[in-house]
Amino acid sequence: MGPRNLFLTNSPESSNDCEDNPTRNRGFSKRGDNDLDPDECMQRTGGLFGSRRPALSGTGNGDTSQSRSGSGSERDSWKSEAEGGESSDTQGPKVTYIPPPPPEDEDSIFAHYQTGINFDKYDTILVEVSGHDAPPAILTFEEANLCQTLNNNIAKAGYTKLTPVQKYSIPIILAGRDLMACAQTGSGKTAAFLLPILAHMMHDGITASRFKELQEPECIIVAPTRELVNQIYLEARKFSFGTCVRAVVIYGGTQLGHSIRQIVQGCNILCATPGRLMDIIGKEKIGLKQIKYLVLDEADRMLDMGFGPEMKKLISCPGMPSKEQRQTLMFSATFPEEIQRLAAEFLKSNYLFVAVGQVGGACRDVQQTVLQVGQFSKREKLVEILRNIGDERTMVFVETKKKADFIATFLCQEKISTTSIHGDREQREREQALGDFRCGKCPVLVATSVAARGLDIENVQHVINFDLPSTIDEYVHRIGRTGRCGNTGRAISFFDLESDNHLAQPLVKVLTDAQQDVPAWLEEIAFSTYIPGFSGSTRGNVFASVDTRKGKSSLNTAGFSSSQAPNPVDDESWD
Ligand SMILES: Nc1ncnc2c1ncn2[C@@H]1O[C@H](COP(=O)(O)OP(=O)(O)OP(=O)(O)O)[C@@H](O)[C@H]1O
């Protein structure tokens with residue numbers, strides 16, 4: 001196995017995002033885990049988050065899992081949530097934050113952005129389906145035979161054409177099969193699982209769930225971050241509009257009583273972060289007996305050392321149907337091989353594996369640039385780039401929470417309207433920051449890995465990796481915040497020769513696969529740091545191009561059916 005340590009307990013000295021327990025701890029720790037890099041060790045001056053926002057205080061509403069600015073460990077925050085800390089009376093003041101309800105009018109529910117000029121190019125991406133007896137892909141929404149209400153909702157959402165992951169996943173899920181699907185960022189994985197689940201529910205004649213102290217949802221969807229789980233909920237609410245299916249979202253950093261109140265009113269689809277989910281199950285507000293669908297979005301993260309133990313607990317909870325009796329669905333843009341192997345415990349042995357393009361590959365609609373920038377020059381370079389960009393929405397990724405504060409403050413001082421999101425900010429602040437960024441009030445969002453996965457924000461034209469992440473998977477997810485749904489985007493990464501050399505090799509691979517220019521200097525570093533037999537210094541594996549079970553049943557472009565699989569999976573090779 002590669003250097004990634006799976007299912008290890010969190011080390012107290014690490015300093016990363018919490019619920020979004022970071023990939024960097026899986027492998028090499030490249031900069032140590034200091035929240036501030038040595039070169040940037042100016043004192044935090046407090047400062048502006050958004051043009052008029054006060055300095056991050058780290059205290060406030062008493063969210064014990066969020067308000068520990070300076071505590072240094074975002075992973076500790078994750079732990080405190082995952083272990084039920086925030087609901088425990090002994091762990092500090094109660095969390096009181098109640099997120100504002102989302103707008104209820106139909107226009108807001110169905111608000112969407114336009115697909116981009118490259119949307120049709122999705123059809124040319126090669127799709128591989130492995131496993132026995134895969135049902136044929138569908139080419140149109142009509143072929144899915146969904147009920148009229150779902151079709152209306154799809155139309156109101158502005159979807160006219162299926163994306164490749166939808167063409168393959170929808171019939172597989174409709175056929176009742178377990179699925180592990182890997183498709184590039186921004187290519188519609190959320191609808192790929194929501195639509196067939198809703199179709200099943202409607203077909204089975206689901207009845208409206210009513211007020212009850214113990215709710216028994218049919219579907220649980222878990223994802224690694226609060227903002228992502230909320231986004232999935234909004235998608236579920238959109239597609240279930242006009243049906244009796246009730247979706248509910250619960251996540252950490254909010255008042256537990258609020259989560260309970262949402263649940264007891266009725267719950268068919270529960271979207272949750274793992275910590276809050278386990279809390280609520282522990283409080284016997286959710287029973288698992290009726291679960292028919294378990295979805296792990298960002299599944300490689302959900303099975304990684306941070307969340308893996310929670311997920312194992314979830315599937316062993318009393319009442320949870322065995323994998324033979326439920327349908328388990330996993331989606332991500334990246335799927336390291338060793339995580340695919342771990343997934344076996346959750347999936348039926350005959351699960352199908354769908355790979356759209358290369359597993360772990362970057363979205364080709366993102367133009368990637370890698371610049372050699374030393375630590376001491378990064379801030380100056382950032383300002384130069386942001387001034388050229390003007391008001392276009394830009395996400396700037398840094399490696400630590402303190403650095404996010406520091407850079408956001410610095411940019412505000414430079415009169416660049418900036419906000420920030422990271423695991424030490426209170427949930428209220430995180431949501432405010434995302435809102436300010438979404439609406440363009442603050443066109444620059446400085447973020448840690450908490451915002452790397454899944455977030456679908458209109459018009460993000462640029463991603464800047466002020467610090468490169470320590471794994472290539474993380475890089476792929478970060479740059480995937482732009483170039484979504486056929487739109488184009490740009491990613492600029494600062495490569496520091498002092499600390500990023502271990503990334504050179506996988507970076508060259510990602511750039512090459514996405515048909516991007518590879519700087520000669522980067523190739524040289526990749527060559528000079530090449531270690532034969534070393535299975536990927538940062539990903540912890542070689543690039544998986546196939547199902548780890550090895551057998552391939554088909555190779556096809558997205559427009560064609562793939563079911564006529566020659567011969568399939570060598571299940572024996574699975575262990
Ligand atoms: N068939 C479709 N037609 C038009 N728009 C679509 C279609 N499918 C998805 N979208 C839109 O594309 C955007 C990206 O979809 P989504 O967030 O599901 O991507 P994803 O594959 O889950 O990305 P990530 O890997 O970053 O999580 C969303 O705004 C979604 O509404």
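Each residue, glycine too, has its Cβ placed from N, Cα and C.
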408-431, 552-575 - the one TrEMBL records as region 'Disordered': 552-575
139-167, 371-399, 487-515 - the range that TrEMBL marks as motif 'Q motif': 139-167
Taken over the motif 'Q motif' (139-167), the model's mean pLDDT: 97
